[in-house]
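Below is one structure, written out as structure tokens, with a few remarks after it.
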Amino acid sequence: MRHVQSASLLTALLSATKVAAHGHVSNIVINGVYYEGFDINSFPYMGENAPTVAAWTTPNTGNGPLAPDDYSSPDIICHQNATAGKGYVEVNAGDRISLQWTPWPESHHGPVVDYLARCEPNCASVDKTSLEFFKIDGVGIVDGSSVPGVWGDDQLIKNNNTWLVEIPKSIAPGYYVLRHELIALHSAGTEGGAQNYPSCFNLKVNGDGTDKPAGVVGTELYTPTGDGIIFNIYQTVSSYPVPGPTLYTGAATGVTQATSAITSTGTALTVGAAATTPASGSGASSSAAPSSSAAATPSRSSSAVPSSSAAPSSSAAASR
């Protein structure tokens with residue numbers, strides 16, 4: 001009995017260690033408008049009373065990762081047992097979206113990858129296994145001259161745990177799922193060691209583009225032994241193959257990471273509700289930082305907003 005209790009305790013401790021220091025996207029900012037994400041600390045316990053948000057929901061309250069064993073599971077699409085957000089937010093093609101993470105551990109080096117998948121007729125009722133994702137951003141190794149190097153997520157940390165991604169100007173208007181992901185490689189030197197942290201948001205893209213890029217279903221984005229999944233970061237790195245399909249030809253590369261000034265707080269829309277077109281703009285300022293008087297402060301203490309002390313990081317070209 002003592003042996004069983006000790007084994008159970010060890011398992012519990014290992015599980016706690018696994019999920020203790022990871023993260024999730026707490027909010028997004030589009031053209032200065034702050035939109036709350038899925039709050040893992042409260043929403044799962046609120047049932048139908050949880051606010052309507054564009055973020056996909058997940059019972060993963062421990063902030064834990066997905067493993068390569070999950071790549072063929074629907075969990076890899078938008079995280080563990082994720083269901084579509086009930087709302088959506090509007091964005092103009094060519095605008096930039098700032099995604100705010102909870103503090104990301106500095107040891108978890110790896111790429112930042114973003115995808116879009118078109119939803120028809122909308123994203124709130126979409127079958128996630130039918131979504132076909134095309135890559136619009138992928139930043140891997142930025143500077144490999146020292147070990148373990150400077151990676152995409154190191155730029156995210158430097159930029160107050162935020163990431164800017166640009167919605168391609170050339171895509172056709174309509175409803176899309178934005179799939180944003182960090183892949184931690186600190187244990188990826190052997191098979192099964194990579195850690196994936198996907199988050200999804202429902203968008204309605206406005207514009208006059210016509211492209212409808214072909215995509216890949218989420219369960220076929222990666223393989224456990226694919227390029228960039230098994231990778232030893234504890235060596236001098238001259239190049240790195242960002243996992244996933246080839247970058248969409250219309251994607252904006254080399255987006256300079258910068259904080260987004262918050263000017264107001266927005267609420268996700270639902271299909272059929274009156275909508276307004278977001279103001280034109282890049283959605284980010286390389287020098288402006290949020291001030292305490294610039295916007296209504298979100299009431300949830302768990303929803304982090306970009307810090308005024310975050311400095312813009314250097315530009316990094318998207319890797320293929």
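Note: Cβ is positioned from N, Cα and C throughout, glycine not excepted.
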Disulphide pairing with CYS119 per Swiss-Prot - partner from CYS78, CYS123: CYS123
- prompt: Do you know which of 183-228, 275-320 Swiss-Prot annotates as region 'Disordered'?
  reply: 275-320
Nearest of the binding-site residues (HIS22, HIS108, HIS186, GLN195, TYR197) to CYS119 (disulfide bond), judged by Cα-Cα distance: TYR197
Query: If we check Cα distances from GLN195 (O2 binding site), which of the recorded positions CYS78, ASN81, HIS108, CYS123, ASN160 wins as closest?
result: HIS108
Query: Fewest other CB within 10 angstroms, which one of the disulfide-bonded residues CYS78, CYS119, CYS123, CYS200?
result: CYS119
Field: Separation of alpha carbons, HIS108 (Cu(2+) binding site) and HIS186 (O2 binding site) (Å)
entry: 5
Task: Using all protein chains in view, find how many other C-beta atoms are within 10 Å of the C-beta of HIS186 (O2 binding site).
output: 17
- request: Based on Cβ atoms within 10 Å, give me the single least packed residue among the recorded positions ASN81, ASN160, GLN195.
  value: ASN81
Field: In sequence order, the recorded positions (CYS78, ASN81, CYS123, ASN160) whose C-alpha falls within 10 A of TYR197 (Cu(2+) binding site)
entry: CYS78
